[in-house]
Amino acid sequence: MAILNDPPSSTTILSLHTPDVPPPSKPTPATTSHPQDSRNPRNLTSKWPTAIDLAGSSLPCRLEGEVANLVVLGSIPPEINGTFYRVMCDPFVPPHPQNVPIDGDGNISAFRFHNGIVDMKMQYIETERYKLERQANKALFGLYRNPYTHHPCVRAAVDSTANTNLVMWADKLLALKEVGLPYEVDGDTLETLGYDPFASEGVESKTFTAHPKVDPFTDELVVFGYEAKGLATLDVVTYTLDAQGKKVEELWVKSPWCAFIHDCAITENWLILVCWCFEANIERMKKGGQHWAWDYEKPATFIVVPRRKSTPLPDGWKEGESRYYEWNNCMPVHTAGAWEGKDGKLYMESSRVHDNAFPFFPPDDGRMPNPDTKGDFARWEFDLSQPSGSKIQDPLVVLDIPCEFPRIDERFMTKEYEWVFLDVFIPEQGDGKSNIYQGLNGLAMHNNKTNETKYFYAGQDSHVQEPIFIPRSKDSKEGDGWVMAMVERRIANRCDLVVIDTRDFEKAIAIVELPFHIKAQIHGNWVGATETRGTKSLVREMEKIEISGKGALEPMA
């Protein structure tokens, strides 16, 4: 998720890009004049608006196709056997001029690894919105999550672009965006199979998180949806799907305000919902404004919910109760994991920005975030004996550097873990000014027990996207395996997929070279070959060839 831009040279400071956000009522011309540059030397007008996510290295890719046997530098271990699914925010038609970077159409890029060979396939998720706009060859949907700005003919359509995450569950590849329910996609062909694959489970929610969590010990998927009963409602549903996709738990709670609840964390018994300091407002939407506005008066808030009806409750808790806890105004962006301490408290780790990391959703007064805002990685502590609405203590800063997209060895999800992998900015290798995707030019491997951190530097004018972790074997020790991440080579205008052995983290053991640039992913996941049934080739296979006998050394007939 592209959120932070133009980092400074200090390891402790993270600057935010502050684009001009015009007032909703201001008319916008049908075409935009792009600044003169090498790509547009004649300063030609375009229906594509000038925006940070639609220019430079974030130029829309809009590609569908496949590449067999990508060029590999180095050697890929045969144990890496499966598919890296990633989804990009890639608008197919020129979007509404005032729309935001997180609302482009979902485009999947899949990389299948087998016996050291990597095949690639790209295809759009054919959402209802994508098909309507592709048929019309123009934008029909207006602002993000604001149907009042959509063309009247499509207001009854699902406006999800399914562009945020891809998760395999119950043998279904789910394309997710939290504004709606999942789309199901074929894991081999990438064809879109349908909307709401769990409809038969009877959960009366309009939404499904882009960050469901897998409990590897119970083989369950923990799900939530906010604004579950409609726009700007306070209703939040939490539920659990078993390995066959059957609902086994369901609990409804209320959010303290209509907050942006993007991510969560799970422990053995608890679900922690992370509320960002944005607020939805129906009246603002009806006037043509954005769904979200940052509120500097709101605290970062964490809703703690029992995962099951059978969850042992602390003293003072009632059956069906949830509690929320507050800190200061900030944005805990993505979680790594959470666990239950021996002291009875809950602990959760996340990346954190000390201001609004989505400046395209400013407060109603239009204020932009502080350009010197810090970013770091923090550990939060929750004492469940405290009443709802209590303020929690300041979190422990685990890594005091700009960072994002933390991942763990997810075989240990719900338990206290040792290793964290995440994108970081390495200032010793550059000033960060030439990077535009958060300036995150490296990866970190941090040990929570020893506090040791190892770094992988991607190179000058490169930026790194969200990492994934692949265990060396199903029973290997925690953190023993490989980390994989897409690296954008900004000057060359193309991308590489790097493979790093965690036993020697500072260098890649293999680089998969893409012959072109593709859009930055929002999120992605690794699906091992053993986790799917009947996996086919991702790309077109050659039929059996019979030798013709007409080669240069063969006699004339």
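Just so it is clear, glycine is given a Cβ too, placed from its N, Cα and C backbone atoms.
Listed by Swiss-Prot as binding Fe cation are H211, H334, H523; the candidate from H262, H291, H354 that the record includes in that site is H262. Ranking the binding-site residues K177, H211, H262, H523 by the number of CB atoms within 10 A of their own CB puts K177 at the top.
E404 (trans-resveratrol binding site) sits 15 Å from H211 (Fe cation binding site), taking the CA atoms of both as reference points. The Cβ of Y144 (trans-resveratrol binding site) lies under 8 Å from the Cβ of N99, V100, I102, D103, V179, Q290, H291, W292, each of which sits 6+ residues away along the same chain. When the Cα atoms are compared, H262 (Fe cation binding site) and K177 (trans-resveratrol binding site) turn out to be 10 Å apart.
Proximity of H334 (Fe cation binding site) to non-local residues of its own chain (separation of 6 or more, Cβ distance below 8 Å) is seen for H211, H262, D263, S350, S351, E404, F405, P406, given in sequence order. Between the two most distant C-alpha atoms of the annotated piceatannol binders (Y144, K177, E404) there are 23 Å. Straight-line distance linking the Cα atoms of H523 (Fe cation binding site) and K177 (trans-resveratrol binding site), rounded to a whole number, equals 11 Å.
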